[in-house]
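Below is one structure, written out as structure tokens, with a few remarks after it.
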Amino acid sequence: MNKNSSNIMALAPNTSNKRETVCIFGTGDFGRALGHKLIQSGYPVVFGSRGTQTSSLIPKEAEVLSHAEAAQKAAIIIIAIQRQHYNFLIPLAEILRGKVLVDISNNLKINQYPESNAEYLAQLVPGAKVVKAFNTVSAWALQSGTLDASRQVFVCGDDMEAKQMVMDIVRALGLTPLDQGSLLAAQEIENYPLQLFPMWKFPILLSLGLIAFFFFYCLIRDVIYPYVYENKDYSFFIAISITNRICPILALILLALVYLPGVLAAIIQLYRGTKYRRFPDWLDKWMLCRKQLGLVALAFASLHVLYTLVIPIRSFVRWRISSQTVSQALNNKTEPLDTTNAWLSDSYLALGILGFFLFVLLGITSLPSVSNNVNWREFRFVQSKLGYLTLVLCTAHTMVYGGKWFLSPSSYRWYLPNAYMLSLIIPCTVLVIKFVLVFPCLDKPLTRIRQGWERNPQYSE
Ligand code: NAP
């Protein structure tokens, strides 16, 4: 057959619109929602239920029969019933022999049972072909048509043909099937809907811990210390001053923590002389949540920008400026412009603006819609090269802001340095290690290791 004729075949409309009947056991929320969707997609639907009377909630195009009668009308049976009721299927085992049983069930807890619900179903009805699917789709999303967030349907099963039949139905409903392999994958698929932002847990807990630490640190230095020694009440600092100190500190530390696992991984690979040994678990997990760490850091940087914008309209700041003006007027003396200070203040603002601009650019390129449109090299360039440049700019912004007070005794209260000094420890460490790793004597062997070279090969040729 020539190329043109095969194209014509592919483009020819499917004249047989008739779809196979699908049976659904259970007329609960999910069964009804799926029934509606299947009927809209052209599938005849028959419900298997304990009571055969129809209700206004059940689609009127569907038949409602007993489980045994309904099962005989279809090759595919979707079990829209909770796992704890599966026992009713045992007496139906003969009727269900050779049928495709689709397990859509979820549990209340991760790894609630020793085996997955789908494997349990396969044990109860050994003659049937069990396929796991649809458990990550909610009845509400099916019914309301808001399936954008859950368009993917994970499918697994031991029988290829049965799995194919279920994946065809998934496609016909306008969803995307993702083949996850054999029924052994069912437990993992059943755990997906029970996970609560798994990649966000570490960044959020870490941020909460750092917020608590720096809040009390700043409270001691900026509110309690002046109260004890000067009897001044600066408690109003909590609303803006302290918050606007914590936000940039967290942004900088979290941004540095995005790049720290990369340099640690490089050191480990150089030390081991191979890339073929697994990193420790904690490092693997840390690397997997770098994007989330970066996005939380960006959120704190954005808050810092907003808090900084309101500084000129704060009553404390206006009072300070006016009292300085009045004191100059009373002394009949105008303070000369300190150009060094002007340079420092302008440079620190410029570094902050540029750092924030690149930070936003990093955030935008991490969005799936953008990252899907750049190739791997472009993505690496942005996330690695521009990422390090952002870290350099933000670290420099902090250093220029307070560099002149580093060694001044007045900036230590109760021997505690200013909080921004602490925030520089991790970024400076990352940048110094990265700088050292760029030296050819380390960079060359590292590049070779990452290309597969081994210092002590495990399998010699
Ligand atoms: P549901 O509203 O409680 O409905 C379950 C249905 O099971 C009942 O309407 C009943 O149908 C049948 N049933 C109850 N007790 C039974 C028994 N002892 N023997 C035989 N049949 C019995 O539950 P659902 O929300 O539809 O969920 C059904 C399954 O889908 C569950 O496994 C759930 O994990 C899964 N799921 C649900 C959703 C969701 O958004 N709801 C999402 C993903 C997965 P009859 O009265 O017709 O017999």
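The backbone N, Cα and C atoms fix where each Cβ goes, and this holds for glycine too.
Taken from TrEMBL, the feature domain 'Pyrroline-5-carboxylate reductase catalytic N-terminal' applies to 21-107. The domain 'Ferric oxidoreductase' annotation in TrEMBL covers 249-394. Residues annotated as transmembrane segment in TrEMBL: 204-229, 249-271, 292-313, 347-365, 386-407, 419-442.
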Query raised in the report: In the same chain, who gets a Cβ under 8 Å from the transmembrane segment (419-442) while lying at least 6 residues past its ends?
Result: 214, 217-218, 221, 245-246, 248-249, 252-253, 255-257, 259-260, 263, 266-267, 270, 388, 391-392, 394-395, 398-399, 401-402, 406
Query raised in the report: Cβ under 8 Å to the transmembrane segment (292-313), counting only same-chain residues 6 or more beyond its ends: which ones?
Result: 199-200, 202-204, 206-207, 240, 243-244, 247-248, 250-255, 257-258, 356, 359-360, 362-363, 366, 387, 394
Query raised in the report: So how many of the residues in the domain 'Pyrroline-5-carboxylate reductase catalytic N-terminal' (21-107) end up helix, strand or coil by DSSP?
Result: 32 helix, 19 strand, 36 coil
Report summary line: Residue counts for the domain 'Ferric oxidoreductase' (249-394) under DSSP, helix then strand then coil, are 122 helix, 0 strand, 24 coil
